[in-house]
Every structure is written in C-alpha cells, then in structure tokens.
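Listed in Swiss-Prot for this protein:
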BINDING   C1154, C1157, C1182, C1185  Zn(2+) 2 binding site
COILED    4-30  coiled coil
COILED    223-270  coiled coil
COILED    305-846  coiled coil
COILED    873-1110  coiled coil
COMPBIAS  1194-1206  compositional bias 'Low complexity'
DOMAIN    1296-1425  domain 'GOLD'
MOD_RES   A2  N-acetylalanine
MOD_RES   S196  phosphoserine
MOD_RES   T372  phosphothreonine
MOD_RES   S837  phosphoserine
REGION    1191-1227  region 'Disordered'
REGION    1253-1289  region 'Disordered'
ZN_FING   1132-1190  zinc finger
Amino acid sequence: MASSSTETQLQRIIRDLQDAATELSHEFKEGGEPITDDSTSLHKFSYKLEYLLQFDQKEKASLLGSKKDYWDYFCACLAKVKGANDGIRFVRSISELRTSLGKGRAFIRYSLVHQRLADTLQQCFMNTKVTSDWYYARSPFLKPKLSSDIVGQLYELTEVQFDLAPRGYDLDAAWPTFARRTLATSTSAYMWKPPSRSSSMSSLVSNYLQTQEMASSLDLNCSLNNEALESFDEMRLELDQLEVREKQLQERVQQLDRENQALRMLVSRQGGQLQVEKEMGYLAVEDSIGLVSLVAELQKQGDVSQATVKKLQSCLQALELNVDKKEYSPSALQLENMAKELDTVRGSLGRENQLLASLSERLARAEKGEKTPPDTELHQEPVPADLVLKFQELKGKLQALEGENTEAQELNRQQSIKLEQLAKELQLKEEARASLAHLVKDVVPLQEELSGKKQESAQLRRQLQESLAHLSSVEEELAEARQQEKQHREEKQLLEQEATSLTWQLQLLETQLGQVSQLVSDLEEQKKQLMQERDHLSQRVGTLEQLAEVHGPPQSAEMPEKRQQCLREEQVNNSTVSEAEQEELQKELQNMVDRNQLLEGKLQALQTDYKALQQREAAIQGSLASLEAEQASIRHLGNQMEASLLAVKKAKETMKAQVAEKEAALQSKESECQRLQEEADQCRLQAEAQAQELRALENQCQQQIQLIEVLSAEKGQQGLSLPQVNTDQLALSQAQLEIHQGEAQRLQNEVVDLQAKLQVALGDRDKLQSQLGVAETVLREHKTLVQQLKEQNEALNRAHVQELLQCSEREGILQEESIYKAQKQEQELRALQAELSQVRCSSEGAHLEHAELQDQLHRANTDTAELGIQVCALTAEKDRMEEALASLAQELQDSKEAALQERKGLELQVMQLQQEKEKLQEKVKAAEEAASSFSGLQAQLAQAEQLAQSLQETAHQEQDALKFQLSAEIMDHQNRLKTANEECGHLRAQLEEQGQQLQMTKEAVQELEITKAAMEEKLNCTSSHLAECQATLLRKDEESTMLQTSLERTQKELEKATSKIQEYYNKLCQEVTNRERNDQKMLADLDDLNRTKKYLEERLIELLRDKDALWQKSDALEFQQKLSAEEKCLGDMEVNHCHDCKREFSWIVRRHHCRICGRIFCYYCCNNYVVTKPSGKKERCCRACFQKFGEGSGSNDSSGSGTSQGEPSPMVSPAEASPQSIGSQGINSVCRPPDDAVFDIITDEELCQIQESGSSLPETPTETDSMDPNTAEQDTTSNSLTPEDTEDVPMGQDAEICLLKSGELMIKLPLTVEEVASFGEGSRELFVRSSTYSLITITVAEPGLTISWVFSSDPKSISFSVVFQETEDTPLDQCKVLIPTTRCNSHKENIRGQLKVRIPGIYLLIFDNTFSRFISKKVLYHLTVDRPVIYDGSDFP
C-alpha cells in the first residue's frame, strides 16, 4: 500500500510539473514577454522539479560533513561535458551561494535562462552509472519511460524566454518569490554569462584542442596524436593569420574611407575657395567694365558737346546773316576794337580747342594702348597739370585693374590645377578602393578554404576523440597494484606537503597580526609624544598672549579714549577668535595626529607584508631557478649518456668492419702464399729434372770425349799404317765431334739458363718466405688486436650495462626528486607562467594600441598640415585682398583729392568766366553807346570799310574756330558747373553737419566751464580743509611715529606667529591628505588580504575534499585489483589450453605465466617482453599485455625491446602525467587574457583533463569548486565568447551603462568648467580600489569647448571610458557612450586624449578597475579646457 501511494504521488507530481511547463509556455506565448520571478507557474515548476530531483536520492556527505544534494549530481554528470559545464562554472563563480541546495537552484535558473534545461537533464539521465550511484530504484530518473516523459515535456521550455536575476536572492534558503529589477531584458543572458578564458573563437578552439591533445601526447607519446597536433597547430596558425589579415584589411578599408572623406571635404573647401576667388575676379572684371563704361560715357558726353557746338555754330551763322543784312552804321574804331577782342577770344578758344583735342587724342591712345607720335607732340602746346594728373590717375587705375584681372586669372588657373590634382588623387583613391574590393574578393576563397580547414579540423577532432576513447579504454586495463599504491602514496605526500605549506601560510598571517598589534602599541606611544608636544605648543601660545597683554597698556595710556575703546574691543574679539581658532586647530591637530598614527601603523604593516611577499617571491624564483637548473643538468646527463652510447656503438661497428677487412686481407695473403708455395715446388721439380738431364748430358759428353780420345789414339797409331783408309772415318768422326760439341755447347747454355732461372726462383722463394713471415706476423698481430678489441668490447659492454643501470637508478631517483619538487612548485610555476602570458598579451595589446595611436597621430598630423596649408593660403589671399582694398582706398582718397583740386580749378575758371562776362557786358554797353553815336562816325566807317573788307575775310575764317571753341567751352563750363553745384551741395551738407558739431561743442564747452567753476569752488573748500588737515596731521604725526614703532614690534611678533601657524596648518593639510591616501590604500590592501585569506581557506577546503576523493579512489582501485587478481590468477591445473593460440598443454608443451596479468600461455606464445620497472629490466608477458604496453609506450619493436632513454615510463600514473600536461598547456597557451592577478587556480577544464587522463580510476564524484581568477578579471568589453553565448551578448554600449548601474563606486569627483580651467599645472591623485571604479563628472554649460586629459596609473593598467549624460536627472539608460571601455597601458606611459563638446551636459570620465580582483590602482590625472577662437574681422581697416 505504501509503495502504491508513493507511486501515485510521484505520478501526480510529474503531472503537476508537466502542467506547470505548459502554463509557462502559454503565458509566454500570450504575453510575449520573458517570464520573471513574479510568475506563480514558475514557482510551481521550481518546487515540483526540485521535489523530483530530491526524491529517493541517496544520502551523501562531504569530507567536512556537509550534505550533498542534486547540485553534486549535476557536477558528477556534466563536469566532463564541453558546453554544459559553463553553467557549473558560472554557479561556482557566485560567492553568495554556500550550500549545495542553493547552487543547484542557481544552476536550474541558469539552464532556464539559456533555454537548455531539457538538454542538461537528458545528458544527466543518459549517464546511467552516475544516476544509479546517486538515486535508489524508486527514482523516476532510473525508469526510462518516466524520464523520457519528463524530458519531452521540458523541451517545451526551450522556446520560452526567462528574465531571471543571477544575484540578489538567498537561494540557500528558498526559491525567489518576486522579481528583482534587472538592467535590461536584453542583458539578462549577458549577466548569466560564465567567465570566459579566451579572446577569440580560434583561440577557444585551439585551447580546447590543446587540452585534449596535450594530455594524450604527454601521457601516451602516440605518433598519430603528434601528427594530429601538428596539423591542429598549423590550422590554428592559419586561422590566426587569416583573422589578423582580415582585421588589417578592414582597418585599411576604414582608413581609406576616412581619407576619402577628408579629401572630399578638402575638395569641397577648395571649391568654395575657388568660388570666392572667382566672385572676386568677377567683381574686379565688373569694376574694369564699369571704368570702361565711364570712359564710354565720357566719350558720349564729348559727342554731345560737339553736337551742341555745331548747333551754336549754326546759330552764329544765322546771327552773322542777320548782321550782314543790317546797315553798317557803327564806326571803324568800334570795329577795330571788336576785331581785337575777337582776336583775343579766338586765341583763347583755339587754345582750349587744342587742349580738348589733345585730351581726346590721349584718351583714344590710352584706350588703344598706343603712344602719341613725336611730331604731333612737338606741335602741341603744353597741357594743364590738373588734366595730366587726372589722366595719369585714370591710367594707373586701368593698369591696376588689369593687374588684378591678371592675378585673378592666375589664381583661377592655379585653382584649376589644384582641382585637377585633387581629381587625380580622388581617382587614385578610387583605384585603391577598387584594389581593396579585389582583395576582399580574394579573401572570400580564403574564407572558403578556412571553412574547409574547419571541417577537416572537425573530422580530425572526431578521430582524435575516437582515439582518445580507445586510449582511455586501453588505460583502464593498465592497472598494477604496486605501482598505483606507490602513486597514491606520492599523492598523499604531496597533499600533506600542500597542507603543511598552507598551515605555514596561516602561521605567517598570525605572525603578521601580531606585528600589527605591536605597531598599534607603538602608535599609542607616538600619540602620547604628540600630546606632550601639543601641551608644549599651548604653553607657547599662552606666553604669546601674555606678551601681547604686556605691550597693550602703555599704548592705551597714550591714545585718546575713543581709540582705546576701539583697541580694547578689537583685542577682545581677536582673543576670542584666536582662542576659538586655537581650540579648533588643536582638535584638528589631535585628529590628524591620531589618523597619522593609524596610517603610519598601517603603512608599516603593509611595508612588512610587502617585504615578506618580496622575500617569498625571491625564494620561489630561486627554487624555480634551481629546479630548472636540475632539470637542465638531468637532460644534459641523459644527452651525454645517449651520445656516449651512440659513440660506443659506432666504435663497435667500426671495429667490426676493421676486423672483417683484416680477416679478408689475411685470407687473400694466405691464398697468395699457397700459390707461391705451389709455384716454388714446381720450379724445384723443374730444376731437379733439368739437373738430371744436365748430368746425363755431361756423362754422354765424357763418354764421347773418352771415345774421341780413344779413337784419336787409335787413329794416331793407325795413321801411319792406314792413313788413307781412315780418312773417311776421321772426317765422319770430326763431323760427329762438331755435332757433339755443338750439342754440348747448347746444353751448357741451357744449363746456364736453368741456373739463372733457379737463382731467380730461389730469390722469389726467399721473397715469398719473407712475405709469408711478414704476413704471419701481421696475422698474429691482427689476431691479438682482435682479441684485445673483443675484450675491450666486452668490458665496454659490461661498463655500459653498469652505467645504464646506475643511470636508470639515478634517473629514477632524480625523477622522483624532480616530481616531488615539481609538484611542490607547480602552483607557483603556473602563477609565473600566467603572469608571463599576461605580460606577453599586454605587450601585444600595447604594441597594437601603440601602432593604432601612431596611425591616428599620423593622420592627425597630415590633417593639421593640410589645414595649416589651407590657413596659409587663406591668409595669403586675405593679405592680397587687404592690399587691394588698401590700394583702392588710396586711389579713392587720391580721386577725392583730385576732385577737390578739379573743383578748385573749376571755381577759378567760373570766376574767370564771370569776369569775362562782365567785360563782354561792358563792351556791349560801349557798343550800344557807339551805335548811338553812329551818325557821327560814318566818315570813319567809310574809311574803315576797306579795312573791314580786308579784315572780314580773316574774320570769317576765324569765326568758325571761335564758334567751335565757344561751344566746347560752354559745354565744358556747363558740365563743370553741374559738378561744382553738386559738390557745393555736398560741401553745404558737410558744413551744416560741422556747424551742428560746432554748436554741440560750444554747448559742451559751456557745460565744462560751469563744471570748472564748480570744481574751483570745491578746490577752494578742499584747500581750506587740507590746511586744517595738515595742521591736524602735524599734530598726529608724533602720535603715529609712536604707534608705528609699537605696531612694527607687534607685527613682527604676529608675522612670526602667523608663519608658524601657517606652517603647522600646511603640515596638517599634508598629513591629512597623506593619511587619507594611506587610509584608502590600507583599506584596499586589507580588503585584498581578506580576499586572499578567504580564497586560501576555500582552497584548503577544496584540497581536503580532493584528498578525500583520492583516498576513495585508491580504496576502490585496491578492491578492483584484488578482484582482478583473484579472477586472473588461476591454478596451473585448471587451465588446459593456451589463452592466445588455444594449443593444448602436455608434457611437451609447457605452461608459462604472464608477469603482469598472470595469464597462462604456451612456449610458442612466450616471446613477448616489456619494460615495466624504472630499472629497465624486461619481463615476460602475454600477447595482450605486450600490445597494451607497446601502444602505451609508443614502441614498435615486436621482439620486446625496452623503451629508449629519456622517455617517460609507460606505467606512469595519470595523476603524475596530468600536472605535466597542465604545465605544458600553461606554457603553450598564448592567448591568456591580460590579468593583474598574482594567483593561478586550477580551472575546471584542467580538472576534466585530469579525470580524462586518469579514467582508469573509478568514477567517484569530486568537488572542485575552484574558480580561475583570470576569468573573473577580464575586461567588460571583451569579445571573448563561447559559441553558446554569442546570441545573448548585448550591444557594446551597454557595458559602461551596466557598470554605472550595478558596479561598485569608489570615488565620485564633480567638477565644473571653471574648476577645470583653474586646475593648475600639477597632477591630482585618484584612488581606485580593486573590483570598483571611480568617476570624474565635468558639467559643461556651453558648446564648443575642448576638454583634454592626461593620466597614468600605478602599479598596473586600468580601463578608461567616457559617457555623456544630459542632466543629473537623466536615467542611465539614456546616456550615450562617447568612448567605449578600453584597457590602457597607463602604467607604462601617459595616456592623452581630448573631447570636443557638441552638446552642453555632464561628461563622465570613468576609471574602471572592476576587472582586477586583488590589486588597487592609483591614477594621476590632469585636466584642461580650451575655448574656441572666434574671428571677429578686427584685422580689416
């Protein structure tokens, strides 16, 4: 019944969970907004899921006794899964969570936010081994149907978005029941983002591949993995190079776009300048056209005057006709007078006509640009000076206008040339842009190749994973009891050593606390001393007051009563003020002394801590150097031994070759000796045969000689008796004798030849015998040498074997010692490697930033140079225009002066004409009188008729000229009269204005006279008053001398007192500032020390947990080894067949045992040997163990040869191999993020690697909640994202806003423009604690200002950004980021920058140190404000 009730309850809970999931999906679809903590369905879902996760769970506890929950189950299942462990890393990074239950709840919320809860639970349920280890049989997770139903229902939540706050709730107590306001809906996933360890996708892939490849390559030394590693390294390098090239191309494109925009702006500016210059040229041309039109108008006026002259001539002719018709009544005298007057008039008219003609001719010549011929100039009369000046002025104006026109044309031509050049530059830029487009097109196939490489890398990765899986399966079968016991013993010793080091650090901290208490006591003693000094100063102040009171009474006796009262009041006020000020100063002094004491104590404590840290760092560096030296010496010894072994082998081979050569030479010599002996025997036989023949011939010769003698004797006896009978016989005998003699001679010759041959053969024999003796001696020497070489070889082999044994023993000892030392110093080595990688990354970033700054500076310099050229051109044009304006003004002034001169000349001419008019009127009156007296003069007329007739002809001739001259003069006078009248009008207006001004000046003079009179009266009064004052002054001079002496004395004393007070005040201010700074630094350092202490405590707990887990592993391994030993070690009689070849054992086929696994095999399968111990001894094993050890050690020798010297033993445990792989990974990791941390922590990926490399151990869960501080100190604007988080990243602008909203503010300094303007030349200090940021706000009320800054930081770099806020009430979401957060190398160089104010508001300068968890920064900054220079045209006249 109980079981059925629990099953029904479980089914009801599962149905409720499914209903809650469907309600959440419906709520999201209907509302369209993310689910928050306010949702009741979410509360229901959380409780139901937690109930299922805790249902029928096995009770487990950690080493410290804390209960384990489903969080530890998640860690055990997902610690090795790439991507799924991001949530585990994030939850471990939250320091607020203390219990396993709270961490599990945070992990479920993380999975909901990232929409991967169903995938995570499915991965956990698929690991049936771990699930059965954590849950009993009644759990629904062990039932496939129920677990599949739960996961299938949870997959509906993958499409639902959740907006849950990552922090701010007490998840250890309960689930959240209300929604806390987050930064933004888009930043929720960003806040849930786990700490990243890489800066780009390629580095992320490379780091992951390195973690997989390093373990396999260092543990197993497999050639396949080495090839895969090389290919992966090459692909990673190609990927990095392609990324760098793509970035360079993008930067180049952007730079070319900026240059193109700048050139377009330049072209537009120069086009505007050209337009202005063209307008100027058009104005000059219009002026010249106006002058030409003026000349044309003058010509028209001349034509009009000629027409009027013609009209006057016609009128005169009509008058002459009328005069002819009249009777000749006047007398001859009157006619003569009239003739004289007409002559004078004709002469004047002729002169004027000549002047007009010359002027017209000169004007025509000036227009045509020709000169007057010399013959006409000779006949002309002198022209008046005013007309010459006027003509020269007109000519000069024309020339100036022509010069300006030519200058304008030249400027136009230059501008057109500039435009052509700019057009060419634009064309070049367009061509460059086209080339860039081609380059971009070329990048496309490279990207395709890159994608292909990525696919190949994925295939290689799969192959690598398969090989790793195979290797892990092989490693599980490589366990040996003694070796693993030894490994666990070593690990135990390492853990004990780490525990002792941690206890030693705790003792150091306790000693530091004791030093701090000692410093506090010292500070109290200093406080007492300062109190004594304060008492002494108060006594001195009392003495000064007494002195002031002593000097006071004699002065008061001499002063009048009123002055004495005033002085008493002032003394009372001063005394009260001075007492109050002294009390305040004493209080401030006391406070400052206390604070100074505290700060000095803290400073000394920090200095001692710093010295201790420096000593520790020096000791670590020394130990590291010693370890490196030992490793180098070991490597050197190994190399020497290998070299000596190779040399011995080579010498042995060379000796063998020499022995073979000597043996071949000996054999050849022996064959030669045998051949020579055979030849000598043959020669000996031939000599013996020839000697026998010679003897036989000698016998025959002697016989024949005897016969001859006998015959000769017989012949002599018979010669007497028978001379004739024996003559024939005698001839025959003589012939025979000759024949025999010839044969004997021949035989003698042959004997001589044979003797010579015999001698030669005997010589050859002697030679051969000597050579044979030499060869035998050489052979004996060679045999002895060979024997010696064999003995030496055997001795060398024995010595080499002994050396190898000694080296192997030494190597084993050194390896053990190096392992111990390396494991001791491993953590410090990692820290140093991390710092090295950080310094390298920071140096690379600094180089990149320096290059970018140089490019920006170069572009700014080019822009400023171009602007300077434009400004110079504009100033030159301005100067030219000013000169032109000045010349025009001068010409206008000259024309005005010339007009005045002309006006004067015209006035004179008008006066002359009036006089001539009066004379003509008198003459007309005289003519009328003469006409009245005409009757009396008829006689004279008759006499004068002849003269008149004679003169009439001349008069007719001269009349025409006079008429023309008169008409021209009349028109000229009329024009001059008109101009004179106009100028007179202008002069009248000017005279009226001057009269008004004179009237105003007269009124002002009258007012001044009135004021003068009043001033004279006042002066009289003041003079009388001065006389009285002088009298009083004389009386008071004596008093003032007395007072002055007393004042001087008191002033000196006061100056001394004020100088001392000022000195004390300055010292106090300095001490206040120093103590504030020291307070801030000490608080930050204390905070840092507390954090490190807390971290070390957590690390100690983690190490204890790891130690417990390792003990559990060792116990499980021992148990498994015992079981395997019991299973494998079978009796000899129980096994009847060989395990390898299945051959039946008999009395011929014997049984053999494997020295590793205990299997039994036959004689035919026993030819397998493997090295399993550091001593290098080979042991017989079965075929399966030989294959396992052969693959593990990378040996290809089937005959059982051992591993080479210098390689690690194949039976090294995974726990020993993992630190090496981790260290190498730390060395090879290039893209470690820049960091200020001085600690290095084992990350989760490294723990996963250790677990993968040590997969032969039983899979028991371990708690490794350590977190890498490198990941927590990354920049907020970093683009390093895992592939799962790229879609949850907000815009780059939100990082600064998020910092302002949720970051911890250290200091906020509000400033105004006036305060920045009065900043001074020095720098100010700003303190930024670790994990905080400081803020400088500058309020700007007017646009156009330029704010500049220079800052540096100490001891490390800092991040900087600028944000704009319209008003203080403006929400932070509406702020604008002007300069995004950038990491500046301000600890190496000064960082400069400026900002042009476009909109009035508040500009926030942010110094961000949130990326640094342990190190506080000091920022020295300097601010300036530049106002814009506005040109008001004051340079023009």
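The backbone N, Cα and C atoms fix where each Cβ goes, and this holds for glycine too.
It is 46 Å from the Cα atom of C1157 (Zn(2+) 2 binding site) to that of S837 (phosphoserine).
The CA atom of C1185 (Zn(2+) 2 binding site) is located 42 Å away from the CA atom of S837 (phosphoserine).
The C-beta environment of C1182 (Zn(2+) 2 binding site), restricted to residues of the same chain at least 6 apart in sequence and closer than 8 Å, consists of H1139, D1140, C1154, I1156, C1157, R1159, F1161, C1165, N1168. Across the range of the domain 'GOLD' (1296-1425), the DSSP-based residue counts are 15 helix, 70 strand, 45 coil. Taken residue by residue, the zinc finger (1132-1190) breaks down under DSSP into 11 helix, 12 strand, 36 coil. Other than the site residues C1154, C1157, C1182, C1185, same-chain residues with C-beta atoms no more than 8 angstroms from the centre of those residues' C-beta atoms, the Zn(2+) 2 site, are R1155, I1156, G1158, R1159, F1161, C1181, R1183, A1184, F1186. By the criterion of other Cβ atoms within 10 Å of the residue's own Cβ, the least surrounded of the binding-site residues C1154, C1157, C1185 is C1157.
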